[in-house]
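K.L.:
Here you go, one structure.
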Amino acid sequence: MKLGIIRNRVILAAGAMGVDEEVDSHQMPFLDPNYVSCSSSSSSPSSRLAFKKTGNEWTALAHIITAVIGSGVLSLAWSMAQLGWIAGPLTMLLFACVTLTSAFLLCNCYKSPDPETGPDRNGCYLDAVQKILGKRNAWLCGIVVRINFIKVAIVYTITSAISIRAIQKSNCYHDQGHEASCGYGSTRYMVIFGLIQVIVSQIPDFQSMKWLSVVATVMSFTYSIIGSALGLAKVIENGEIKGSIRGLPSSTAAEKVWLVAQALGDIAFAFPFSLIFLEVQDTLKAPPPEKITMKKASIMAVCVTTFFNLCCGGLGYAAFGNSTPGNLLTGFGFYEPYWLIDFANACVVLHLVGGYQIFSQPLFADIERWFGRKFPESKFVHKNHTLKPLLMLPLRLNFMRLFFRTAYVALITGIAVLFPYFNQVIGVSGAVTFWPIVVYFPVEMYLTQKKTESWKSKAIALRVYTIVCLVVILYAFVGSVRGVIVARFR
């Protein structure tokens, strides 16, 4: 999910630090609508003249696919198993339609106050919410966006630990046979991943790390393709397509209802790209108008990612049927070739090491900017110390950054250790921010931009659509939270 274009927001947040000078230094950044970490250097036409935009529908397509394809695809086979061969693909198509609807609505939010002429341009999601809907909605959206950053860090910690453990288990099965116990806990691997993040988190910014997005993108595509290919190979080996129309049977009807809810949360995690949509649109050249180009790119991106997700989910379910694992690469439906499984899981870990930082840096920048303004004379906050380890480049160390970022990583790692449940946590993560980011704010911004009266048929239809999506996502959220609680106290 999500690496290429988000780096722009990180660069501005970590490097510029000079936006919105009138912010009250006594208000915490989580509660301040003026804290908008985005790459929107383009809030006015005059500020845009220094930037030549060369993006087109193909570069936009690449950005979106990079953002969407990620660890979420590994749970889709399990989700298909809960829903069955009719409801599973149909649900994915419906989520794809919701994602595309969100994209079409957001196309009209790039320019404000007029969606056609501007003159202001909104280069990121939070910027658009603040300018179109006002500070109160921006305050709420800011909290949701930061929750999104935190939830992704938790999911990435859990997924990385499971993948590291899977490499060890794969080698164990290869050496001792498929019936060997090969039981390993995940806590130690979460701690190892956390220690890696403590070190990587001390990098003050990512201006000089252009390779990060490239490596992460290649890794995400690699393990997703390997997972699909292994599923296809297993189907060919079986000589049949497993699974059923009704999906995985459960001991009780109530249990089936909750598992379906959890599956919906997992699917919700895999699809949306609304949060980085306007940043992608901000890279496009004109003419033609940016929203025309972005609509074309969105259609192509949703088609490609939906096809990809259907392949990952469908082939995994077809290969294993009722035995479909929660994570396609770590549930050990596949034992051989063990080296390929090891390689795929190593790709997962490499992807998520970088992805964790991409999603954490904007949050780091917000909190550290607040500390900097609240304590302008503090050497602890502002002074940098240069370390020169033997045979290594000089390292710039700041004590406040060291303590704060270490504490943040420790907190995320602690939560992951308490709730190391891949499918359940992904379900919660997918549901908790899907409705406000993908449905509610795009609809409200579109209606405000178009000045649509509430009694018009279009407004009524969009409000009904919002309510229906809210009901579905609440169902997914409650079911996923229940899954986490049951798994924790089982």
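Using the three backbone atoms N, Cα and C, a Cβ is placed for every residue, glycine included.
Those TrEMBL annotations? Automatic predictions, nothing curated.
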K.L.:
According to TrEMBL, which of these ranges is transmembrane segment: 185-210, 211-236?
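P.N.:
Among 185-210, 211-236, the range TrEMBL annotates as transmembrane segment is 211-236.
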K.L.:
Do at least three CB pairs under 8 A connect the transmembrane segment (402-419) and the transmembrane segment (84-107), leaving out pairs fewer than 6 apart in sequence?
P.N.:
no
K.L.:
With contact taken as 3 or more Cβ pairs under 8 angstroms (pairs 6 or more apart in sequence), are the transmembrane segment (464-485) and the transmembrane segment (256-278) in contact?
P.N.:
yes
K.L.:
What residues elsewhere in the chain lie close to the transmembrane segment (338-359), defined as a C-beta under 8 angstroms and at least 6 residues from its ends?
P.N.:
1-3, 6-7, 10, 70-71, 74, 148-149, 152-153, 156-157, 159-160, 163-164, 166-167, 170-171, 173-174, 193, 196-197, 200-201, 203, 206, 212-213, 215-216, 219-220, 222-223, 226-227, 230, 329-330
K.L.:
Using a Cβ cut-off under 8 Å, which residues of the same chain at least 6 positions beyond either end of the transmembrane segment (299-318) come close to it?
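P.N.:
For the transmembrane segment (299-318), the far contacts come to 57, 60-61, 64-65, 68-69, 73-74, 76-81, 85, 88-89, 92-93, 96, 99-100, 103, 224, 227-228, 231-232, 235, 241-243, 270-271, 273, 324, 328, 333.
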